[in-house]
Amino acid sequence: MLRTHLAGSLRAEQAQQTVTLTGWVARRRDHGGVIFIDLRDASGVSQVVFREGAAAEQAHRLRAEYCVKVTGVVEVRPEGNQNFEIPTGAIEVNVTDLEVLNESAPLPFQLDDQAGEEARLKYRYLDLRREGPGHAIRLRSKVNAAARAVLAHHEFVEVETPTLTRSTPEGARDFLVPARLQPGSFYALPQSPQLFKQLLMVGGIERYYQIARCYRDEDFRADRQPEFTQLDIEMSFVNQDDVILLAEEVLSSLWKLVGHEIKTPIARMTYAEAMRRYGSDKPDLRFGVELVECAEFFKDTTFRVFQQEYVGAVVMPGGASQPRKQLDAWQEWAKQRGAKGLAYVLVGEDGTLGGPVAKNLTDTEREGLAAHVGAKPGDCIFFAAGTTKSSRALLGAARGEIARKQNLIDPDAWAFVWVVDAPLFEPTADATASGDVALGYSAWTAVHHAFTSPKPESIDTFDTDPGSALAYAYDIVCNGNEIGGGSIRIHRKDIQERVFKVMGISHEEAEEKFGFLLDAFAFGAPPHGGIAFGWDRITALLAGVDSIREVIAFPKSGGGVDPLTNAPAPITAQQRKESGVDAKPEPKGDAASAKPDAPADK
């Protein structure tokens with residue numbers, strides 16, 4: 001090794017020891033001919049001092065981020081010169097020998113200053129030298145190790161599934177890879193290991209996991225990455241409770257890394273309850289504001305706006321003091337979400353109701369409204385009226401905005417909840433309207449994916465009454481973020497074919513695209529289920545950062561662009577020719593025997 005000690009490991013107990021350190025010049029200060037350098041390596045920072053001799057002469061040319069090796073004696077700093085903000089603040093190293101391992105060009109940004117994200121990603125190798133980004137990547141490694149330890153204890157088998165497979169045009173868009181040896185044909189990068197892990201269960205592996213790289217060619221959305229990571233788990237001969245029990249053990253081990261003890265069992269909430277109370281299937285439970293249903297309260301109203309299928313309200317504590325400009329801004333906020341506006345009533349300090357809606361209410365409605373919704377003097381009541389789904393979604397979003405504006409969220413709190421009993425199917429129009437890519441060609445598509453089992457009570461009726469069928473699925477939510485989701489899978493061919501039929505996938509198409517899975521189900525496929533955790537989001541939460549880009553070593557920026565390597569980039573004419581990217585595939589008689597990968601798992 002070029003060094004004897006790590007810079008961040010030195011303490012007063014090592015005084016008078018001769019040590020050799022390596023690292024980068026973080027800061028340089030000259031004081032009357034004495035040069036002080038903050039030397040940084042992965043472990044931390046030590047102050048090194050050049051007082052006299054050849055080493056001190058050399059030190060005059062040191063600049064920020066020079067890579068150096070120093071040898072010297074550990075000394076206790078003089079009284080009054082200690083820096084108790086860092087672990088090494090009681091000592092310094094009196095340097096006797098200096099070797100410059102490599103110089104540094106002028107920096108595009110100072111590492112101890114704020115920098116724009118584009119510059120940080122373009123020079124990510126410099127950004128990673130900073131304490132925050134470096135800590136996030138090291139934390140991610142600990143997260144991986146903690147999960148592996150739990151799963152190894154339970155005798156899970158880590159299996160690598162293929163990353164070159166076949167495209168599924170009905171799923172989310174795939175990244176395609178030309179097959180040079182079969183011009184005109186393409187592999188697809190997997191959106192998840194879903195079907196392969198199910199085949200592992202058929203193969204008798206019984207307990208599988210993988211820290212899996214997944215790929216989705218999606219339109220740009222904030223804080224999404226085209227390549228991402230999930231902890232993928234599958235188990236045979238289990239029910240929902242078994243998977244949840246293991247998942248809670250994994251999560252507990254992860255949150256212990258940041259000193260938090262998760263109280264288990266984690267509470268469960270049905271999808272219907274989450275939507276009714278919070279307007280979201282991933283509710284943030286760190287604050288207590290809830291939606292209040294008002295359709296019954298306004299059943300005899302003469303106010304046409306409230307003569308709707310659904311009328312609901314959410315209270316903004318202290319919101320009555322908002323200026324008119326802010327109340328108008330709420331209307332624009334609602335319109336950006338596809339609503340016509342956000343009706344409101346202001347509750348005065350004397351209990352009287354104000355605002356444009358109040359004058360349209362009857363005396364009886366005005367007298368009972370505050371009590372019905374739980375509003376106090378000084379509060380603002382926001383309303384949504386229309387279809388149940390869209391109105392609840394608007395109020396749920398307003399609930400989150402209220403919490404942020406009124407500082408209702410404890411930033412140090414952790415609130416976990418399982419959301420269970422979601423619908424098995426949703427109208428295809430709803431899925432496409434929300435930006436999802438619907439699988440199948442009928443009026444119904446899968447909420448999770450096509451391989452999720454119906455709940456036992458829905459097995460006999462899900463194809464005759466798709467709108468009422470419940471999924472044998474479970475999502476884990478932390479602080480309003482869905483950090484994982486899974487389900488008990490279909491393991492019987494007849495049930496899988498019935499699900500495909502509901503989704504408008506014909507028998508012939510199912511055989512062509514998923515025949516290998518259907519064939520496998522015919523050979524004693526065991527009951528099985530699993531879960532996939534969003535590894536980037538979990539690590540971001542643990543690291544206390546807002547964006548998943550902060551916990552990915554080399555992330556993409558907006559639109560999937562990599563500022564560091566300038567990827568994606570055009571390929572040469574020779575590469576196009578060799579790859580066969582422009583070739584038309586030859587017709588194949590056995591095309592129906594080729595099989596696809598599946599949509600992303602939850």
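For all residues, glycine too, the Cβ spot is worked out from N, Cα and C.
Same-chain residues at least 6 positions away in sequence with a Cβ under 8 Å from that of HIS31 (site 'Important for tRNA non-discrimination') are not found in this chain. Sequence annotations record features per position, and here Swiss-Prot assigns site 'Important for tRNA non-discrimination' to HIS31 (among others) based on sequence analysis.
If you look up Swiss-Prot, you'll see GLY80 (among others) marked as site 'Important for tRNA non-discrimination'. A simple way to gauge crowding: the CB of GLY80 (site 'Important for tRNA non-discrimination') has 5 other CB atoms within 10 angstroms, across all the protein chains here. Under the DSSP three-state reduction, GLY80 (site 'Important for tRNA non-discrimination') is assigned to coil, being neither helix nor strand.
In this view, HIS448 (L-aspartate binding site) is surrounded by 23 other Cβ atoms within 10 Å of its Cβ, with every protein chain counted. For GLU170, ARG216, HIS448, ARG489, the entry in Swiss-Prot reads L-aspartate binding site, with the evidence type sequence analysis.
The annotation region 'Aspartate' is assigned in Swiss-Prot to 194-197 on the grounds of sequence analysis.
Long-range Cβ proximity for GLU218 (ATP binding site), meaning a same-chain Cβ under 8 A and a gap of 6 or more residues, is found for ALA172, ARG173, ARG224, PRO226. DSSP assigns GLU218 (ATP binding site) to coil in the three-state reduction, placing it in neither a helix nor a strand. Sequence annotations record features per position, and here Swiss-Prot assigns ATP binding site to ARG216, ASP217, GLU218, GLN225, GLU482, GLY534, TRP535, ASP536, ARG537.
Swiss-Prot lists 559-602 with the feature region 'Disordered'.
Only residues 6 or more beyond the boundaries of the compositional bias 'Basic and acidic residues' (575-589), in the same chain, are considered here, and those with a CB under 8 A from a CB of the stretch are 178-180, 182-185. Per Swiss-Prot, compositional bias 'Basic and acidic residues' is recorded for 575-589.
Residues annotated as compositional bias 'Low complexity' in Swiss-Prot: 590-602.
Largest Cα-to-Cα span within the ATP-binding set ARG216, ASP217, GLU218, GLN225, GLU482, GLY534, TRP535, ASP536, ARG537: 21 Å. DSSP assigns ARG537 (ATP binding site) to a helical segment in the three-state reduction. Comparing C-alpha positions, TRP535 (ATP binding site) sits nearest to HIS448 among the recorded positions GLY80, HIS448, ARG489. Taken residue by residue with DSSP, ARG489 (L-aspartate binding site) is part of a strand.
Summarising model confidence by region, the region 'Aspartate' (194-197) averages a pLDDT of 95.
The two recorded residues, GLU482 (ATP binding site) and HIS448 (L-aspartate binding site), have Cα atoms 13 Å apart. Cβ contacts within 10 Å of GLU482 (ATP binding site), excluding its own Cβ and spanning all protein chains shown: 16.
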